């Protein structure tokens with residue numbers, strides 16, 4: 001075990017793990033279609049391509065295209081390579097703490113396993129970029145909460161969902177750092193929005209919001225879980241189809257109820273964020289530890305309450321959990337909870353690979369033939385739901401005994 005707790009061992013593991021990811025892509029190259037879509041969004045003739053993404057969320061695809069050019073084969077190779085560069089940079093930053101805490105090595109190993117467990121979507125989708133931005137924001141909570149607000153705003157401009165995490169920036173109403181963090185968050189977000197408005201127009205600024213309005217119930221969502229289980233045995237009762245939302249959706253008995261449940265859960269998630277922010281605003285006692293726990297809790301609540309649960313959504317969790325574990329100063333009970341969340345996240349990532357890409361056709365197109373992909377889908381969603389009480393417990397413990405840190409003292 002001592003040999004494994006070394007920086008060279010971790011980097012060796014990272015290389016081997018990412019080669020396994022490459023092998024998974026070789027076995028099932030269908031997800032490369034996402035990279036082709038990004039290439040088409042840059043060079044194609046359809047102005048609506050990639051407009052479902054916030055403008056800033058497409059910047060990695062456009063910046064890469066600027067250097068690579070129109071050669072689609074080169075783009076296929078360069079896109080995952082670009083992701084791996086950021087992947088490696090993140091792990092290098094985590095390992096930067098290893099002289100002072102052994103936990104950094106353990107957290108880096110988590111990152112090694114997590115990235116490969118998530119599979120294709122880790123290196124072939126854009127979601128890793130806002131996830132890393134959120135992780136950077138979480139890390140900066142401890143010393144530079146103002147910069148944390150800027151990074152969280154940038155993550156929001158890339159993917160929308162991190163906006164809810166802004167509740168974690170709220171401290172006591174009489175603390176200068178509360179107002180500074182919120183001001184930086186809002187100013188950065190408005191600046192990025194203004195940039196999109198000036199360069200791309202009003203329609204492009206609001207296109208991601210318009211896109212959300214046409215969504216139905218995606219087959220991988222938590223709310224659709226019981227319906228998809230039944231669909232395997234009684235496919236004639238439901239219809240699964242590729243929808244204008246560019247995802248596979250389900251219609252039939254119980255779908256309206258499932259959507260209503262998802263909507264209630266989403267409103268409840270927003271209520272949790274608002275109430276926690278008000279609690280901190282009135283009573284104060286903000287700590288970076290509790291803000292970090294809130295980040296993870298809200299990410300989980302957003303996942304289970306969403307009408308969509310694409311496999312890459314699991315990537316939202318990994319980087320922030322790595323940041324939490326890398327610090328090495330969590331009380332034992334909290335550390336156990338975070339490690340439990342981390343291990344379950346890795347398992348969910350692996351189950352997601354069985355769902356997509358390996359078993360997706362069996363789930364929606366050929367129900368009744370192979371139960372393993374559907375079982376993987378149901379298991380993943382159950383595990384994600386079970387993660388919520390663990391995260392809430394961690395959040396409660398982090399609020400019980402706030403640590404005094406330089407970040408929130410005036």
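Along the chain as shown, the residues are counted starting at 1.
Keep in mind that glycine also has a Cβ here, set from the backbone N, Cα and C atoms.
TrEMBL: automatically predicted annotations, no manual curation.
Since this is a predicted model, take the numbers as computed values, not measurements.
Feature list (source: TrEMBL):
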TRANSMEM  7-26  transmembrane segment
TRANSMEM  74-95  transmembrane segment
TRANSMEM  107-126  transmembrane segment
TRANSMEM  146-167  transmembrane segment
TRANSMEM  179-198  transmembrane segment
TRANSMEM  258-279  transmembrane segment
TRANSMEM  291-307  transmembrane segment
TRANSMEM  313-330  transmembrane segment
TRANSMEM  337-358  transmembrane segment
TRANSMEM  378-397  transmembrane segment
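Contact between the transmembrane segment (107-126) and the transmembrane segment (258-279) is absent: fewer than three CB pairs lie under 8 Å, with pairs separated by 6 or more positions in sequence. Counting Cβ pairs closer than 8 Å to the transmembrane segment (179-198), the top stretch among 146-167, 258-279, 313-330, 337-358 is 146-167. Distant neighbours of the transmembrane segment (291-307): 134, 138, 141, 161, 164-165, 167-169, 215-218, 221-223, 259, 262, 265-266, 268-269, 272-273, 276, 313, 316-317, 320-321, 323-324, 334, 341, 381, 384-385, 387-388, 391-392, 394-395, 398-399; these residues of the same chain sit at least 6 beyond its ends, with a Cβ under 8 Å from one of its Cβ atoms. Residues of the same chain lying 6 or more positions beyond the ends of the transmembrane segment (74-95) and with a Cβ under 8 Å from any Cβ of it are 7, 10, 14, 18, 22, 25, 32, 35-36, 38-39, 60-61, 64-65, 67-68, 104-105, 107-108, 111-112, 115, 122-124, 128-129, 132, 135, 139, 319, 322-323, 326.
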